[in-house]
Amino acid sequence: MQQKAFEESRYPWQESFENVAVCLPFRCPRCGDHTRFRSLSSLRAHLEFSHSYEERTLLTKCSLFPSLKDTDLVTSSELLKPGKLQSSGNVVKQKPSYVNLYSISHEHSKDRKPFEVVAERPVSYVQTYTAMDLRADSLDGPRSGPGLPTSDTKASFEAHVREKFNRMVEAVDRTIEKRIDKLTKELAQKTAELLEVRAAFVQLTQKKQEVQRRERALNRQVDVAVEMIAVLRQRLTESEEELLRKEEEVVTFNHFLEAAAEKEVQGKARLQDFIENLVQRVELAEKQLEYYQSQQASGFGHDLSGHVLTDISSNRKPKCLSRGHPHSVCNHSDLKAHFHPKGRNHLKKAKDDRASMQPAKAIHEQAESSRDLCRPPKKGELLGFGRKGNIRPKMAKKKPTAIVNII
């Protein structure tokens, strides 16, 4: 009956445990080999959500025995012999090899893999457990003897191991939860820092884009300014050339004006001399005409002819002198008086005074003289001119006699 009970205590997952892969040591006893897990927590979560609470007892046996070494299982099988049942509690306390799960999980938590608890040697468990079954079968006879409660000892051992394992799993879970909380806090802190860094990066990117945009705008402004400066320089050069050309034209125009002013002054002087000579001749002609008229009125024609000859000889004095007739001047006392040095000096002074007059005055005099010449003559003047026209033929008739007398 004990052997039958022991065989009934074996689970169906123990028969196919030899084909377990090393990479995924934990499998679901209800689902089979196709559902395997790398960590104990993953298997436990699967059992909690997929199977009933009674199936968790399989998890304790499935995860306990792979962590036990061959020697530990041999010693546990030896504890079933008579005489050693009393010290089984001490042996288990001396060699709690299942506590290695906590150290393994703690080491893996340091390696940033808190969710993976890998069994030490899951394959060796199959061999050890089969050996233990054979030994248990061989020891059925002695254990079935009177006075040896083998079933109670096994049940108490399993309960003790289950309790220890549950406490260990709870401790591991608490440690893992603490570690998860710590890692969650660190992750939240790192996430916040990452968000801050990302916000700063986005802000710096925006600033960089703004700076690049301003740089492009300033580059465009600089290009436009350079083009404007080049255009203004070209315009300045053209303006300078135009100014130089205008200055040359102004200088040329000034020279032309100076030359024209000089010519105008010379022309005015010549015109003034011509007008003065003309006025003198007119005055002389008027005097001669008046004298002739007065002589004609008084009937002294001989005296008139003598005076006319003296006047003509005085007017022709330079020609006579140039021809070399000094005796003609010496024979006439009136001509000597006319060409006296004092008289010549007086005429020179008069000419100098007239030359020193302003151009406006000369122009005014010229205009007045032109007006006098161009104005219509009055009645007396018409008579005078008529008389003058009548006198000229007489004077022309008397000229040969006067010339003969001069010769």
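Positions of Cβ are set from backbone N, Cα and C atoms, glycine also.
In Swiss-Prot, the zinc finger annotation falls on 26-51 of the listed ranges 26-51, 156-181, 208-233. Range annotated as region 'Disordered' by Swiss-Prot, chosen from 255-300, 347-392: 347-392. Model confidence over the zinc finger (26-51) stands at 80, taken as the mean pLDDT rounded to a whole number. Around the Cβ of THR175 (phosphothreonine), 15 further Cβ atoms fall within 10 Å across all displayed protein chains. Secondary structure of the zinc finger (26-51), assigned with DSSP and counted as helix (H, G, I), strand (E, B) and coil, comes to 11 helix, 9 strand, 6 coil.
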